[in-house]
Amino acid sequence: MSNKSLNSRASFSGKLGYVLATAGSAVGLGNIWRFPYLAAKYGGGIFLLVYVILAITFGYSLMTSETALGRKSKKSPVGAFHHFSSSKSASFGGWINAIIPMIICPYYCVIGGWVLRYLAGYVAGGVDRLAGKNYFSNFIGNAASVEGWFLVFSICTLAVILFGVQNGVERASKIMMPVLIILAIIIAIYSMTRPGAAAGVKYLLVPDFSRFSWMTVVSAMGQMFYSLSIAMGILYTYGSYMKKDVSIEKSTFEVECFDTLVAVLAGLMIIPAVFAFSGADAAKNLQTGPSLMFVTMPKIFQSMGIGTVIGIAFFLLVFFAALTSSVSLAESCVSTVQDECHISRKKSTFIVGALMLLLGSLSSFGFNILSGVRIFGMDFLDFFDFLSNSIMMPIAAIATCVLVLRTVTLDSVAEEVTSCGEKFHNRKVYNFVMKYLAIAFLGIILISSVLNVLGVIHM
């Protein structure tokens, strides 16, 4: 391949492509099950209010920083950090941002495989079987089945990557994101109109100040951090594909609105349905975490008159959410391999695919043939999740803040934000958050996550 081909930088076709691709990255499995669960646990409307405030201040500032650094350098995370500084600390910051998606993407594809299995089950008319008492535990306990569905989902992810930025990532997002929104609205309306569902709507949206605590803020901060694709290398990579005439500020705001909309719709899909069909056990069922999606919801679908149809729509929605997120994670990895090894997208994709197979198989087999292996008391999937989300991501975000404050400067970021010819309207908010709040907030997330795992606090 010619040097020109290797050195040329792919790009999104315009603002819509960037916004939908980045929104696709942000909207993932965490929106579908984790946001409703946390909102229900930490005061409903008050949790939502805290989340929105954090998203439009803290989240906005970090998203703007990563996107601006990516576009200014035209590099993925490692190259972006090296572009601005040759220090060892900058190299560390770049690599930790690049390694995180390689840890997350494999186990994310394992869970994506679970989603595909349930979608296929509903298409086959197995609404009663999928709601069976031990169906989920039996499924993940079957090594061949879990590994097979993991491979299918991984192939779907890598196939999109192989088509490139505009023909793969952007085109897939333009198709899947509108469909996802339509399905979410339809299911939310159906859920909210069931007898008894009004209590669930109230539970989600009406602030309950008696359940407000400092943990409400910490949990909202953690959810916002994960949900907006901060510190995963993705925003550096997607920023490097953004054209100069696209407004970083407006695009970031639109992505946040899209992400929050889907999170609220997910709450309106799930919580009213749980109240309508679980009765007195509603509050208990909402505390089940990930199994809310694979155990509780199938039982609710079984209770519905059109459970098969709703089950298909729900898991199709979840599949699209999972796929757009896994594509963004894989794209960040592929972009880094391309930039650092100076090889083609095709070769980079196969290298990333091999690493995904290795790490993903550990997570897949961790529930069956490797179930006896524990790392700090966790199976492989939980360990990879803890390592990436609770330890590495806050550190990676702190590295970005340090790079901006000590090397790049806030003025240089502002210059990149305004390079599209528009004013940086929220510059004062951005400067204040980056100067005085960001590193402190990130330290709180890091410490709280570790204390949560140690059992000192409960998030």
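Residue numbers in this text run from 1 along the chain shown.
Here the Cβ of each residue, glycine as well, is placed from N, Cα and C on the backbone.
Per TrEMBL, transmembrane segment is recorded for 12-33 (among others). Tertiary neighbourhood of the transmembrane segment (12-33): same-chain residues 108, 111, 115, 165-166, 169-170, 172-174, 176-177, 180, 223, 226-229, 234-235, 238, 241-243, 246-247, 250-251, 254-256, 258-259, 262-263, 266, 270, 289-290, 292-293, 317-318, 321-322, 324-325, 327-329, selected by CB-CB distance under 8 Å and a gap of 6+ residues from either end.
Beyond its flanks by at least six residues, the transmembrane segment (45-63) meets 38-39, 204-209, 211-212, 216-217, 219-221, 223-225, 228-231, 235, 252-253, 255-256, 259-260, 263-264, 397, 400-401, 426, 429-430, 433-434, 437-438, 441 of its own chain at Cβ-Cβ distances under 8 Å. According to TrEMBL, the feature transmembrane segment maps to 45-63 (among others).
Feature annotation from TrEMBL assigns transmembrane segment to 95-119 (among others).
Sequence-remote contacts of a segment are chain residues at least 6 beyond its ends whose Cβ falls under 8 Å from one of its Cβ atoms, and for the transmembrane segment (139-163) they are 105, 109-110, 112-117, 169, 171-172, 322-323, 326-327, 330-331, 334, 345-346, 349, 352-353, 356-357, 360-361, 364-365, 367-369, 371. Annotation source TrEMBL lists transmembrane segment at 139-163 (among others).
Sequence annotations record features per position, and here TrEMBL assigns transmembrane segment to 175-192 (among others). Using a Cβ-Cβ cut-off under 8 Å and counting only residues 6 or more beyond its ends in the same chain, the transmembrane segment (175-192) has close neighbours at 20, 23-24, 27, 198, 200-201, 258, 261-262, 265-266, 268-270, 272-273, 276, 310, 313-314, 316-317, 320-321, 323-324.
TrEMBL lists 212-236 (among others) with the feature transmembrane segment.
Within its own chain, the transmembrane segment (257-280) has Cβ neighbours under 8 Å at 19, 23, 26-27, 31-33, 35-36, 39-40, 48, 51-52, 55, 177, 180-181, 184-185, 187-188, 191-192, 194-201, 203-204, 227-228, 286, 292, 296-297, 299-300, 303-304, 314, 321, counting only residues six or more beyond its boundaries. Marked as transmembrane segment by TrEMBL: 257-280 (among others).
Beyond the ends of the transmembrane segment (300-329), by six or more residues, the same chain brings 21-22, 24-29, 31-32, 101, 104-105, 108-109, 111-112, 115-116, 118-119, 122-123, 125, 127-128, 130-131, 153, 156-157, 160-161, 168-169, 172-173, 176-177, 179-180, 183-184, 186-187, 190, 229, 232, 234, 238, 262, 269, 273-274, 276-278, 293 to within a C-beta distance below 8 angstroms of the stretch. Annotation comment: TrEMBL describes 300-329 (among others) as transmembrane segment.
Taken from TrEMBL, the feature transmembrane segment applies to 350-371 (among others).
If you look up TrEMBL, you'll see 383-405 (among others) marked as transmembrane segment. Sequence-remote contacts of a segment are chain residues at least 6 beyond its ends whose Cβ falls under 8 Å from one of its Cβ atoms, and for the transmembrane segment (383-405) they are 62, 65-66, 69, 81, 84-85, 89-90, 92-94, 96-97, 99-100, 103-104, 106-107, 225-226, 230-233, 359, 363, 375-376, 413, 434-435, 438-439, 442-443, 445-446, 449-450, 452-453.
Residues annotated as transmembrane segment in TrEMBL: 436-457 (among others).
Between the transmembrane segment (350-371) and the stretches 95-119, 212-236, 436-457, it is 95-119 that has the most C-beta pairs under 8 angstroms.
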